[in-house]
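Visitor: Sharing a structure, written as structure tokens. Questions coming.
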Amino acid sequence: MRKLTGALAFAAVLATNAVGFAAEPKAPFELPPLPYAANALEPVIDAKTMEIHHGKHHQAYVTGLNKAIAADKALEGKPLEELLANAGTLPAAVRNNAGGHWNHSQFWRSMKAPGTGGKPADALAKAIETKFGSIDEFKQKFQTAGTGRFGSGWVWLVVTPGGELEITSTPNQDNPLMDVAEVEGAPILGNDLWEHAYYLKYQNRRADYLSAWWDLVDWAEVSKRFDAAKSAAN
Ligand SMILES: [Fe+2]
């Protein structure tokens, strides 16, 4: 099995550690609790959406992943990051559910109550300005990538193994830690483009959800991930 190194290895453990897993989590995986109340993100994301998204959708990925691993002895004891790194050669049920579990784990920890997430720290702000022109231009490009994803998926800000910032989008529950990703890197921020993330409040208006979502981003957390990914990349 392919092993992750550098920025990718860091990124793989980042979200799992952040939600209180062991350093190298392995099956049986567990649903991490939300780091805030279900209504904490209102009015940007309503409590009902959070309850279903976390308690039903994320739980289903965890359950599905444990079931897929139990069905294949060769996968027992494999850390989540190793499953992701080899997603292209593993059964679809492992790829989809391992991705779903990792993606949602980072998602909950990327957000805070509206207006309390602060700004990118200096190093991240400078890197964003150098790469995208300004924070606003970065947000626009991230939203464009998000609205441009046909069907379900995710939009990401990643640190590539070379230490560069890139915006990328992945289909379904794939992510940039997977060997199948178009752009591989350490995801430091990801937004969920599945309708289950926004449909109750925004219905078909994905662009409105993407635009409103910035009010929730926990920039201290994202800046911390950036610093760690940079030091692992260089
Ligand atoms: Fe989701």
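Glycine residues also receive a Cβ, built from the backbone N, Cα and C atoms like all the rest.
Below, the features straight out of TrEMBL:
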BINDING   His53, His104, Asp192, His196  Mn(2+) binding site
DOMAIN    29-111  domain 'Manganese/iron superoxide dismutase N-terminal'
DOMAIN    121-225  domain 'Manganese/iron superoxide dismutase C-terminal'
SIGNAL    1-22  signal peptide
Visitor: Sort Asp192 (Mn(2+) binding site) into helix, strand or coil using the DSSP assignment.
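Guide: Assignment for Asp192 (Mn(2+) binding site) reads strand.
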Visitor: Around the Mn(2+) site recorded as His53, His104, Asp192, His196, what other same-chain residues have a C-beta within 8 angstroms of the site's C-beta center?
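Guide: The surrounding set, listed in chain order, is His54, His57, His58, Phe107, Trp194, Ala197.
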Visitor: Would you report the average pLDDT that the model assigns to the domain 'Manganese/iron superoxide dismutase C-terminal' (121-225)?
Guide: 96
Visitor: Run through the Cβ atoms and count how many others sit within 10 Å of the one on His104 (Mn(2+) binding site).
Guide: 27
Visitor: Considering the binding-site residues His53, His196, which residue's Cβ sits among the greatest number of other Cβ atoms within 10 Å?
Guide: His53
